[in-house]
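The active site, proton donor annotation in Swiss-Prot covers 55, and the record cites similarity to another entry as its basis. What Swiss-Prot lists as NADP(+) binding site is 20-24, 50, 166-167, 190, 216-221, 270-280. According to Swiss-Prot, the feature substrate binding site maps to 117. The site 'Important for substrate specificity' annotation in Swiss-Prot covers 54. For 84, the entry in Swiss-Prot reads site 'Lowers pKa of active site Tyr', with the evidence type similarity to another entry. The site 'Involved in ligand recognition and product release' annotation in Swiss-Prot covers 227, 306.
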């Protein structure tokens with residue numbers, strides 16, 4: 001890895017770069033953009049690239065990685081590539097085929113990390129969000145411990161170097177950790193995490209179990225109308241973050257990213273803007289003081305931008321518990 005690429009050691013012995021590039025974009029953004037920005041991100045110094053079946057961009061992201069390998073910029077082992085198992089594939093017999101399909105799209109031999117994208121199982125099939133005639137999402141009931149066993153088999157088969165989860169709460173993590181015959185612990189839990197929703201209790205729990213917390217929406221969110229309330233406050237306009245940005249001569253986004261790194265959180269920086277992609281790698285060039293960190297801690301208001309109200313009645317809805 002690049003020297004500026006600080007990494008964290010995972011509980012299975014592999015290493016994950018602490019700064020990642022998030023590739024999700026709303027459907028109205030042309031897929032070709034994902035190819036372009038992922039190449040830019042690798043050129044800017046990002047080595048950790050985060051995708052998923054849900055994002056419908058694995059072909060483009062895989063092509064970007066392969067083209068940067070082909071032109072000699074990086075080797076495959078320099079890149080840490082993540083994909084995720086979507087909720088319609090939780091039944092154990094569907095897990096490996098889903099990963100193989102993701103690999104085929106990206107044209108890669110393995111992923112560095114494969115995550116269960118969400119604990120909320122949905123009716124199997126090709127539709128990402130299966131609904132009934134009334135437009136209600138159709139749930140599936142799957143024992144996630146059996147899903148996890150299928151994930152472990154993917155690791156044993158060499159299709160995924162590491163395996164983890166996403167959007168799990170403490171109880172859901174404990175269910176996996178306490179599973180009889182557990183072979184591999186999840187290496188991480190990727191969750192929405194930013195100064196307005198800092199997940200400090202979940203972070204402490206994960207640290208106590210040697211599970212890395214990975215932050216998505218670390219810069220707030222791109223306010224996709226399908227999930228995000230347009231009236232929610234804009235994180236990067238927060239006066240405290242803006243004042244700290246001024247103090248350190250950085251952007252509010254860099255303050256929000258640096259905050260996570262200093263609390264031991266791996267952070268995903270999602271941007272489709274070339275200048276901001278280059279800017280975000282400056283996160284290693286400065287430090288926040290203990291006082292700065294306390295000021296940002298004080299912004300927490302348990303605000304999650306991603307409001308999956310249509311899923312709130314799901315038995316595995318992660319926000320039903322305190323953390």
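Any Cβ shown, glycine's included, is placed from N, Cα and C.
Known features from Swiss-Prot, placed on the structure.
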residue : record                                                    : Cβ contacts under 8 Å, 6 or more apart
20      : NADP(+) binding site                                      : 46, 48, 49, 50, 80, 82, 214, 266, 267, 268, 269
24      : NADP(+) binding site                                      : 52, 54, 55, 57, 270
84      : site 'Lowers pKa of active site Tyr'                      : 51, 52, 53, 54, 114, 115, 116, 117, 166
190     : NADP(+) binding site                                      : 50, 115, 164, 165, 166, 167, 213, 214, 215, 216, 268
219     : NADP(+) binding site                                      : 194, 235, 236, 253, 256, 257, 269, 270, 271
227     : site 'Involved in ligand recognition and product release' : 221, 305, 306, 307, 308
275     : NADP(+) binding site                                      : none
279     : NADP(+) binding site                                      : 251, 253, 254
Packing count at residue 271 (NADP(+) binding site) (other Cβ atoms within 10 Å of its Cβ): 19
